[in-house]
Amino acid sequence: LVRGVVFSLAFLSRRVVAVNNPLLDQLPSYQTLLYRRKSSGSSSTKRRRVSRGRYGSTSSGGGTQDVRGMCAYGRTQDGPSRSTTEHRLARELPLNMAEKRRHKLQLHRDLSGWKQWRSSAGHYLKRMREEGSVVFNSMQLWRTDIHLIEGMFGTGILSYFSFLRFLVLLNFMMFLLIFSFVILPVIVAKHTSSNLTVTSGEEIECSVYPPRSRQGLVVFHQYITDLLSGTGFLEQTYLFYGSYMVESIQFPSFSYSVPIAYLLCTIAYLLLSLLWIVKRSVTGFKRKLIRDEDRFQSFCNKIFAAWDCCITNENAARLKHKSLLYELKTDLEEERIRQKIAERSRQEKCRIYTLRLTLNLFVICVLAACFYAIYIATIISQQIQAQASQQYTFIVALIFEYLPSIVITMANFITPIIFTIIISFEDYSPAFEIRFTLLRCVFMRLASIGVLLFSLWSQIRCPETDCPCGYNKKLYPCWETHVGQEMYKLLIFDFLIIGAVTLFVEFPRKILVNHCDYALVKWLGQQEFAIPHNVLEIIYGQTICWIGAFYCPLLPAINTIKYYLVFYIKKVTLVNNCRPASRPFRASSSTFFFLAVLLIGLVLATVPIIVSMTQIRSSGSCGPFVNYNTSWAVVPQTVSLLHPHLRSFLTTLSSEAFAVSFFVITCMAMLYVIALAGAYKRVINQLRDQLVMEGRDKRFLIQKLCQAQANSSSRLVQGYQGNRRHGSTGVYMVQVPT
């Protein structure tokens, strides 16, 4: 608009010669620029001339030419100048489509043969890339279902299902990695003529692995127990760590080391998960950063630009109205709380901080009680499993098998209710209440897995005087397989709980709400589809998968199938049983929040894997690391067999000098990135100021145009009235500037 106004004012003069125009000297942006430049002294004279030429005005006589957009926009009375249009793209020129095509063909003819080939190849590759992206998008998993959910419930709930699809793909890639480099070579070597080197322990006592499968006549329900707990016929299959008792596979041209492949696959799927999560979180972080920086326009954005145009369902539209209303109320409440915090006296601050300290101590006590309950449940479960299982019935034995999982699930169900009640007394803002409660729930879910592993390791490790094998061989002949069984049971029980809640809680509740008129039922209403709670469920399962994949190599495949079924379960319960949550969860911030919590789960899953690799002695009767004290001991032994130059290079990489140098370089790179981010932030602030000034210029020029049109109309009316008074019938043509 500013360019059009400048063009109109320039052409009104009917000449190309530059003249002074006092109108453009009155632009608010130019006046602000003059005010800022007055304090900079005489050293900025050159920049002032450039700025005056750009803004198209000067107020210091006729010595300075008035370029005012004539040079800035490259336009004269005859049209665009050739020097500026030759190097501009056709779509940027103010021409119609026919002229743009002619301009494009002319540019193509003027190029040399090599440049013409490069241009044609670039267009061809661009077209292939676009067509490939279209084909790839059409082949995406659950594409139709996700579009349906987006149309019915908006982008907030869509973010949960997109996140679930990402986890399905991640688990499938983990399974392909482990299957290709560990499971498939072992299976192929055992069923072909390849030479195998089977691992065997040096000590006979520690190398005995008694068969755990049931002998004789087996009752049918015992097979169900084995299927749900990973014992019996499943224990010595490729599902668990203990079945990979192969040290190397001799192929005709090379030797394949299974221990190295097993260890490198574990490191590879952890690094793959890290890189994939970081890559996906960058986009969400940018959006969240922009949204957080744009505080002063939050109300305008919510009123004019917050509507989700993907919604087509009437109920979803009604809920979106309520959601926007809730967001506005939340922002007003945050402003009120911020003002209230600023006006607090010292006594009120002391009272609030004392209350928060007391409530946080209570939260710590609740968490400690839950962790102690998990520890005791794990100890009791291990002791019962070590005894003869025939003295218990099927149901009781299954309960003892799943006792740690049951206690963890009950703790994950009770603690969020307690945290929600407690947070209401701590006097936080509504947005911070949601985030802080979620962080407490995340800590509870992920730390419970750590407590379970700590309880298992306290039973596995024992002094060397009592355990000559370095671990409790009597209770755990293959402790890695036993840990894998615990992770397997956690994953299976988590899936069973999701299905049971959907079938026995949400579905009956929907029936009662639709067909019962009791006040209590109407007050409860339909179950809300709480996005944070559902996301924590799948992140909890993914953390179990990351930990258990080392002890149960097929666990990523099981988790892929589980999330595939969970997608349809959640879709059915969302469409038929639940309603979207009344409290909104923004899609822009939810994606980054989901990935941030998932990254925390990955870090917490890496810690027990590193501890088990480096600190706990490997089992002497199962697995590929029988001949090594720890799993990591295979790495230095393999490095010692390499070529001397490669060995010295790897030794240098693991030295302290390289670590210190790498740390210093990393710190310098971080400082550079921080400085660059600060510079970008200052540029963004300047661009925002320029946008504000551009809006003021538009308003000023529109006011001037309206005044010019009003003056021209008044002159036209006065001329017409004067013509009638003098009795003339001539027609007066008045040129009105446009």
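Here the Cβ of each residue, glycine as well, is placed from N, Cα and C on the backbone.
Annotated features, as they stand in TrEMBL:
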- 37-52: compositional bias 'Basic residues' (COMPBIAS)
- 478-588: domain 'TMC' (DOMAIN)
- 37-69: region 'Disordered' (REGION)
- 1-18: signal peptide (SIGNAL)
- 166-188: transmembrane segment (TRANSMEM)
- 260-278: transmembrane segment (TRANSMEM)
- 357-380: transmembrane segment (TRANSMEM)
- 392-425: transmembrane segment (TRANSMEM)
- 437-457: transmembrane segment (TRANSMEM)
- 592-611: transmembrane segment (TRANSMEM)
- 657-680: transmembrane segment (TRANSMEM)
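Using the rule of three or more Cβ pairs under 8 Å, pairs at least 6 apart in sequence, the transmembrane segment (357-380) is not in contact with the transmembrane segment (166-188). With a cut-off of 8 Å between Cβ atoms, the residues of this chain six or more beyond the transmembrane segment (437-457) that come close are 363, 367, 370-371, 374-375, 378-379, 382, 404, 408, 411-412, 415-416, 419-420, 423, 482-483, 486, 490, 532-533, 536, 539-540, 543-544, 547, 593, 597, 600-601, 604, 607-608, 611-612, 616. Secondary structure of the domain 'TMC' (478-588) per DSSP (helix as H, G, I; strand as E, B; remaining residues coil): 86 helix, 6 strand, 19 coil.
Sequence-distant contacts of the transmembrane segment (592-611), counting only residues of its own chain at least 6 positions beyond either end whose CB sits under 8 Å from a CB of the stretch, comprise 159-160, 163, 266, 270, 273-274, 277-278, 280-281, 284-285, 287-288, 438, 442, 446-447, 449-450, 453, 457, 535-536, 539-540, 542-543, 546-547, 550.
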